[in-house]
Amino acid sequence: QSSTVTPNVVVAADGSGDYKTVSEAVAAAPEDSKTRYVIRIKAGVYRENVDVPKKKKNIMFLGDGRTSTIITASKNVQDGSTTFNSATVAAVGAGFLARDITFQNTAGAAKHQAVALRVGSDLSAFYRCDILAYQDSLYVHSNRQFFINCFIAGTVDFIFGNAAVVLQDCDIHARRPGSGQKNMVTAQGRTDPNQNTGIVIQKSRIGATSDLQPVQSSFPTYLGRPWKEYSRTVVMQSSITNVINPAGWFPWDGNFALDTLYYGEYQNTGAGAATSGRVTWKGFKVITSSTEAQGFTPGSFIAGGSWLKATTFPFSLGL
């Protein structure tokens, strides 16, 4: 798996590499690198919080497989962290790539916000990664991001933030939340209509984990709710199981943002994809024009034609 990329350094929990922790390898990496710096993370469970700061550019985390290389921690809001600082892994330096790794926050549903992965890295991409937590699993904080063949699981607002991000060919599963909670797949945070940000889920599969499936009637699950006034989310060309409530989307607080948000659905399939029972908000629409849908593809929305090829990850630019 990792033979196609030659690592600069190797991290191994068992001491057989250059470093025993991922954090040590990141600290030793060059600053402002113009070329890719590959940190191979051998199979193992790495219990640490890892920060890839702004100066650490073009870093790649290369794991041995999503079931074998696991970075895990449990910081959370209930125990005194902020949502922002709770992330098990935070990637900010531009050009960050990760492949064949699990990012996990094990705080659990009762601990409120607890982020597995926060990304503020421009032109960042993730391939064959698992992102596992409960509330606020994946913080797509800012800049242009791409996720391909990833598995994302969580409960409340589990993909959230204000990046321009496309999740393509991903499996996105709601899991059993805490008592009385509703699941929200997304909570997009656009604060101004001029921002070119949004969450796009394309050619993906939205469903439920095995712990939610038998009880999904007790825990309503929605495609998203508007965290900020101009929240923008598009779900297109994806299969949606009956885990998603027929209304599709849920308010944040009364009428807040319902006229100013942009929520679109385009050519989805599956038991949860029917749009006849959807919300009637001014900001919600079933997209019928392929031209409009094209604007949310990786080629248009995140300028994928200029950078995705260099990631070496698979992708498709269009519809």
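The backbone N, Cα and C atoms fix where each Cβ goes, glycine too.
Keep in mind it's a predicted model, so treat the numbers as computed, not measured.
Cross-referencing Thr82, Thr83, Thr191, Thr260 with the substrate binding residues that Swiss-Prot gives (Gln113, Arg225, Trp227) picks out Thr83. Counting other C-beta atoms within 10 Å of each candidate's C-beta, the recorded positions Thr83, Gln113, Gln135 are led by Gln135. The substrate site is set by Thr83, Gln113, Arg225, Trp227; from the centre of their CB atoms, other residues of the chain with a CB within 8 Å are Gln135, Asp136, Val156, Asp157, Phe160, Ala187, Gly189. Thr83 (substrate binding site) has Asp157 as its nearest neighbour among the recorded positions Cys150, Asp157, Cys170, going by CA to CA distance.
The secondary structure of Arg225 (substrate binding site), as reduced to three states from DSSP, is coil rather than helix or strand. Neighbours of Asp157 (active site, nucleophile) among the recorded positions Asp136, Cys150, Cys170, Arg225, defined as a Cα within 10 Å of its Cα, are Asp136, Arg225.
If you draw a 10 Å sphere around the CB of Cys170 (disulfide bond), it holds 24 other CB atoms from the protein chains shown.
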